[in-house]
């Protein structure tokens, strides 16, 4: 027995609801303190979510008001969007699967290396003109200054579980051998390492280690964590859309619009 138009409309309305986590994931990535300084996939995710919302509304309207051509547009467009969302979910996973912190002796926080991350992510921060914009944005946040309010003793700081970006941007790398004064002010050793990150460190609060590769690595580590969280929501939305799409195809075939297929067959008999 064919499904009623109301049931078809309700099934397609679920598609509208499933667009919410996609749009929400994009907005969440866009408004985060770190992600707001790096414009990567936030807008593609939001745009894809909005398209899913609009196509879902088209299917909802087509189902309730028996607008056959609108249902056909819905099925074709939704298939394309499902494929695009699947590619996006896979892409995010592939570019974030690499990259993790390295422990240092007598430190609770981790150190990060730029070379540990995927080439695609590295290219987003290695170009000087891109990093200058990101660096300027990061230097205006409270990511580093808040550490001075939180930790006054060296041992408390060394036992702290810092965010990757705080570990990479707000202090010199541990291997440089600097002496702690406060989280963002360090005394350099007499025989300082020739490592570029050690040379790039500055006690100027607007500079710190924002030009260091460790800062770029810390930024990517933060992005990786946020993107993997967003990817979970996108994956759940993808699974839901696939299920709804399959049900929608069956409903379209068995509903009252089956007379279109009957006329199509009669044309060949």
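Heads up, the Cβ atoms here are built off N, Cα and C, so glycines get one too.
As given in Swiss-Prot:
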type	residues	note
CARBOHYD	200	N-linked glycosylation site
TOPO_DOM	1-10	topological domain 'Cytoplasmic'
TOPO_DOM	32-44	topological domain 'Extracellular'
TOPO_DOM	66-71	topological domain 'Cytoplasmic'
TOPO_DOM	93-231	topological domain 'Extracellular'
TOPO_DOM	253-269	topological domain 'Cytoplasmic'
TRANSMEM	11-31	transmembrane segment
TRANSMEM	45-65	transmembrane segment
TRANSMEM	72-92	transmembrane segment
TRANSMEM	232-252	transmembrane segment
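Confidence over the topological domain 'Cytoplasmic' (66-71), given as mean pLDDT on the 0 to 100 scale, stands at 82. Residues 26, 88, 92, 124-125, 134, 137-138, 141, 143, 165, 219, 222-223, 226-227 of the same chain lie 6+ residues outside the topological domain 'Extracellular' (32-44) yet bring a C-beta within less than 8 angstroms of a C-beta in it. The DSSP secondary structure for the residue listed as 'N-linked glycosylation site' is helix.
In terms of DSSP secondary structure, the topological domain 'Cytoplasmic' (66-71) contains 4 helix, 0 strand, 2 coil.
Applying DSSP to the topological domain 'Extracellular' (32-44) sorts its residues as follows: 6 helix, 0 strand, 7 coil. Taking the Cβ of residue 200 (N-linked glycosylation site) as reference, residues of its chain lying under 8 Å away and at least six apart in sequence are, in sequence order, 209, 211, 212. DSSP assignment over the topological domain 'Extracellular' (93-231) gives 71 helix, 11 strand, 57 coil.
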